[in-house]
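Below: the structure, in structure tokens.
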Amino acid sequence: MSKGTESFALNPLPPNSHTIALNRDGSRSASSSSTIATGTNNNRTSPRPRSPPSSSSATTTTPQQHSYYPKQLAFASPASSQQQQQQHDSDGSPGTFGQGFSPSSPSSSSTSAPLYQQQQQQQQSPAAGSSGMALGLSGSSSNSRQHSKYRYSDDEDEDEEPLLLHSSTSFAGSSSSGATRGNSNNNNGAAQGKGPSRQRLSAIMDELKPSKDSKAAKSRTIDFHASAKEKKRYPPNVTRNTKYNIFSFLPVVLWEQFKFFLNLYFLLVALSQFVPALKIGYIVTYVAPLCFVLAVTIGKEAIDDMKRYRRDQEANSQRYQILTPSGLKMVPSSKIRVGDMIVVKKNQNVPADMVLLRTTEESGACFIRTDQLDGETDWKLRLAVPSCQALPSDEALLELNASIYADSPHKDIHSFIGNFTREGDGPGQHMESLSVDNTLWTNTVVASGNAIGFVIYTGRDTRAVMNTNHPKTKIGLLDNEVNRLSKILCAFTLTLSLAMIALNGFEGLWYIYLFRFLILFSSIIPISLRVNLDMGKTVYGWQIMNDKEIPGTIVRTSTIPEELGRIEYLLSDKTGTLTKNDMELKKLHMGTMSYSVDTMDEISTHLDTAYSQQSSGYNRTRGISTAPTHIGGSKARRDISSRVRDIVQALAVCHNVTPVTEDNGSITYQASSPDEVAIVRWTESVGLTLVFRDISNIHVRNAGGEIFEFEVLQVFPFTSETKRMGIIVRDLTTGEIMFYEKGADVVMAKIVQYNDWLEEECGNMAREGLRTLVVARKRLSEEIYQEFEARYHVAKTNITDRTNSMNAVVNQVLEQDLELLGLTGVEDKLQDGVKTTLELLRNAGLKIWMLTGDKIETATCIAISSKLVARNQSIHQIAKLTNALDAQDELDLLRGKKDCCLVIDGESIQLCLDYLREEFIEITVRLPVVVCCRCSPTQKADIARLIKQYTKKRICCIGDGGNDVSMIQQADVGVGIVGKEGKQASLAADFSVNQFSYLTKLLLWHGRNSYKRSAKLSQFVIHRGLIISIMQAVFSAMFYFAPIALYQGMLIVGYTTIYTNAPVFSLVLDQDVPEDIALLYPELYRDLTKGRSLSYKTFFSWLLISVYQGGAIMILSIWLFENQFVNIVSISFTALVLNELLMVALEINTWHRFMILSEIATLIIYVGSMVFLPTYFDMNFILTKTFLWKVAVITMVSSFPLYVIKMLRRKFAPPSYSKLTG
């Protein structure tokens, strides 16, 4: 083996798989399972015996080194099958660099893995986090994360097998110790509580193991010179968010309308009028209202879908440059295919999932913004393929005889396994492993430099599309309730019609009479009900959008405003929704000294003093002055200044922040965590600025302009397991080596020197809602560092339990008796009014879930600072569960805790959803607060769907990023916030707001009014139809049960329109309590969720009222006017109209000027119309005193008793808000 070349154990493809590549001449070459292919996704293959590697593999050379790539990067020489088996069985590595490679050469770790590559080591390295699902696995590492093990769902291709296994599960036939873990616990008896027994859990896990007949996953190998035919095998890169097409629009829309009984009933009644024997009155009176409703609905759907179509067209027509042999070619996004090389400019959206080949940044790395994909506003670093970045020009990419292997498409945006294979000058192949650090996912934005990417997934295969659910038509709970009541009314209509026929003895053509009676009584289910409700929804939407206290609010779905008054579960994103994602260092505590925002200027003074002393001969590394003691003040003063300098310097060096120079010359800081940026900004504000950072050097500048250079020797990135971050640097000025470390107090307290203040101060800051970091350091001699490096190298090359070995060396050599420098408190600024809003919503009875992709520590801190967790509530944390048995134990422990906050991570959630779905949701929905951390977009949507299905309650989801779209669309009410993360969530939501605090008024006030008003309006419209049908029934009974219409023509049309509609519709302006009372006493909202405003009780109450009033009006009309029976129509109709006007007045709680106007105007219109309708009204008779006083008596008899009952009810059974309103 040549110098600098190292041997890696490569993992072969399964025997049934083939690698197809196109040679430069256009011919295909296929290799069988003996072909070596690194990065094979073993988690998706069947358990078949492995074949030995092909002997055709040859030693390759090390690529040109780059500043962002470790010096030890090399590629494989042939390895024996035994070596491969040992490598694979030991750690499940797919044989890719950064994905579990185990260098066998001692020199391979002379340089540590780069900081940016280590940040997601636990997420991407199967060696560090293998779940034991690889072929022939005999052991598994259970101490690391494996994000990809839960990424497959039921909606994937049918020939892909979902492997939802935990870390203790292995394939049948393997010798994994985890395979027998379930059996070892079988003697422990059933788990406590109501969950399944351990035996059952073990059986479930065994059943989920893949069978031998499972098919291989659809991974792909794409050649750099793939033909057009080869590229067409993959989905087109087309964005489709429309709900309909030109053929499906009318059928689907009509089905959506007529699947509701109410609309179907109206359709049948309208069609019956085309049958001569069933015709009653004018056809237009039955057909026109139905056509109006359908026209409005179809128009709204058409407009909404046309807007979606135009947005899709805009996205599909975005033009990009493709690198071709003939030069750069501009093509629309929809024409991009797998295998194309795309040039993405700075600030341009990535059109498809790609592997980053080259970037204009000299370092070979570029930043991307992922806020529309994962909701995080922090920039992410992406690395170009080293050998491609080293090429002399972009056009040289076209000369490469290379291919890229990519694993099958899946939803996990944090996981990718692939490799880059290039044919070398010799007989061998040049292979480089690819991870998620080398990818550019769709909808991300290139933030620095220009990039050239190789397309690997398009269209529906992209991560963004796979994590997005298509919108569904949302139907409000009140609409469903009205639909159920309509069925009861239909039964009542049929019963009444049968009664009329039966009382007549079924004489003559009784079946024809039956249908005629059904049509006569069809007003019992008035078509105006749907029209009035839809018009009411429009009014509610207008009121919401014109509310000056919640400016910028947009109602995008006008069909569900009543749902705002029925919410019982609120699911909220964290970053950008509850918080501004704007961090600020608020406190610095150093044991004997403490600094807050008001005293930060003192730190600048101390820092200036320390560096001025240094320039006068002060040894800045040890704090010992070589100058006379009188220089710079007292010794105590010098000690304070040196201590301040030490901690500020530690904070300025110990981080993963990179300064980025913008086009306008300004410098911004980018890091994987906003905490890091906040700390570096703070050091800049006090006089120590980070001016340069790459993989091996850090430069900082003090207020005097002096530059201090540090060489980065080792970096230990933050992980959820270690909860700390460390760095070893060499001061190039003094040559001293220093180990800095910062982390959570729970771990740092054990490795720093004894002190008596750390625990107390951490508690104080936590109670203030600050995120705490303990900062410490340790001086290292050259001998100690060399000893550490040697031991650390051995640990890094260990092929078994590598992560634990590395952590053990760090703990034994470095993390002993660290000097405690201080404690920082960082505040993540909350959105305005978040604390008050959460408190009001909690008092309103809402159960609040916070779903975030952030770390557990961060989410817990925000939950406390935002008052999401009440002072008297305990916090129960569930994290890092690896098997269902542990999950069952945790749920049993949680079952007895009723008033606590559950904090749970994404892996544990997925484990519970896979194995203990019913137990998990049964317990968690009872808790007042749940915080879900490390949630993927799909998990957020799954949780929302699960709560809906289990509780049957209404849920509201609110978020601000593209990663919240699926959750928002899954909710009964989706609310999107327009913020720093763009408008994607806002555009997909039912309601768009500018900030979280607007929820208070949206739910407690507008939600209350919308539900209360629609409930009253629907019942009053039903009452209006019932009363006239009862009058018709009495009239028909008086005329020997003949199906003759009492009112025809203009009277029946005018009754529901010009004579009563305006007063009835004015109820949409009514309010039962003032706005200030509704917002001051959120407990009033609890009554709305019980659905008492529109229930079977209220419905039957209105039914009895209608029967009483209809019967009273008709019977009294016949009795009092027996000598003027020819005028029965004018008599009864006048009493009916006056009765409805009085009933509206009785139902109004708060008078509005439009209500008064509608009552007066309607009465005037009715009286005036009598003159123009002589067919129905005899003016000589109507102007007599007898007519007037008898009509008054009929009206009083029908309405006055109801007024008395209403007054008695208010006195003896007042509503819950009566005491508040006086």
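The backbone N, Cα and C atoms fix where each Cβ goes, glycine too.
Taken from TrEMBL, the feature region 'Disordered' covers 1-199. Residues annotated as compositional bias 'Low complexity' in TrEMBL: 28-63, 76-144, 167-191. Residues or ranges marked as domain 'P-type ATPase N-terminal' by TrEMBL: 227-285. Residues or ranges marked as transmembrane segment in TrEMBL: 246-268, 280-299, 485-503, 1099-1119, 1125-1142, 1154-1175, 1187-1205. If you look up TrEMBL, you'll see Asp573, Lys574, Thr575, Glu676, Phe718, Lys742, Arg771, Thr852, Gly853, Asp854, Arg934, Lys940, Asn963, Asp964 marked as ATP binding site. For Asp573, Thr575, Asp960, Asp964, the entry in TrEMBL reads Mg(2+) binding site. If you look up TrEMBL, you'll see 987-1214 marked as domain 'P-type ATPase C-terminal'.
No contact links the transmembrane segment (1099-1119) to the transmembrane segment (280-299), because fewer than 3 Cβ pairs that are 6 or more residues apart lie under 8 A. Sequence-distant contacts of the transmembrane segment (485-503), counting only residues of its own chain at least 6 positions beyond either end whose CB sits under 8 Å from a CB of the stretch, comprise 261-262, 265, 510, 513-514, 517-518, 521-522, 524-525, 529, 1018, 1022, 1026, 1029, 1033, 1036-1037, 1041, 1043, 1099, 1103. Cα-Cα distance from Thr575 (ATP binding site) to Asp960 (Mg(2+) binding site): 8 Å (rounded to the nearest whole number). If you average pLDDT over the domain 'P-type ATPase C-terminal' (987-1214) in this model, you get 90. Counting only same-chain residues 6+ beyond the ends of the transmembrane segment (246-268), those with a CB under 8 A from a CB of the stretch are 286, 289-290, 293-294, 297-298, 301-302, 305, 473, 479, 482-483, 486-487, 490, 522, 525, 527, 529-530.
Below 8 A, the CB atoms of the transmembrane segment (1125-1142) and the transmembrane segment (1154-1175) form 3+ pairs separated by six or more positions in the chain. Geometry remark: Asp960 (Mg(2+) binding site) versus Asp573 (ATP binding site), CA distance 8 Å. In terms of C-alpha distance, the listed binding-site residues Asp573, Phe718, Arg934 place Asp573 closest to Asp964 (Mg(2+) binding site).
In the shown protein chains, 22 other C-beta atoms lie within 10 A of the C-beta of Phe718 (ATP binding site). Long-range contacts of the transmembrane segment (280-299) within its own chain (CB-CB distance under 8 A, at least 6 residues past either end) are made by residues 250, 253-254, 257, 263, 266-267, 269-270, 273-274, 516, 519-520, 522, 527-528, 530-531, 534, 1045, 1048-1049, 1052-1053. Remark: secondary structure over the domain 'P-type ATPase N-terminal' (227-285) totals 31 helix, 0 strand, 28 coil, with classes taken from DSSP.
For the binding-site residues given as Asp573, Asp960, Asp964, the lowest number of other CB atoms within 10 Å of the residue's CB is seen at Asp573. Across the binding-site residues listed here (Thr575, Asn963), the residue whose Cβ sits among the most other Cβ atoms within 10 Å is Asn963. For Arg771 (ATP binding site), the Cβ neighbour count at a 10 Å cut-off comes to 24, with all displayed protein chains included. Cβ neighbour count for Arg934 (ATP binding site) (all protein chains, 10 Å cutoff from its Cβ): 24. Across the annotated binding residues for ATP (Asp573, Lys574, Thr575, Glu676, Phe718, Lys742, Arg771, Thr852, Gly853, Asp854, Arg934, Lys940, Asn963, Asp964), the two most widely spaced Cα atoms sit 32 Å apart.
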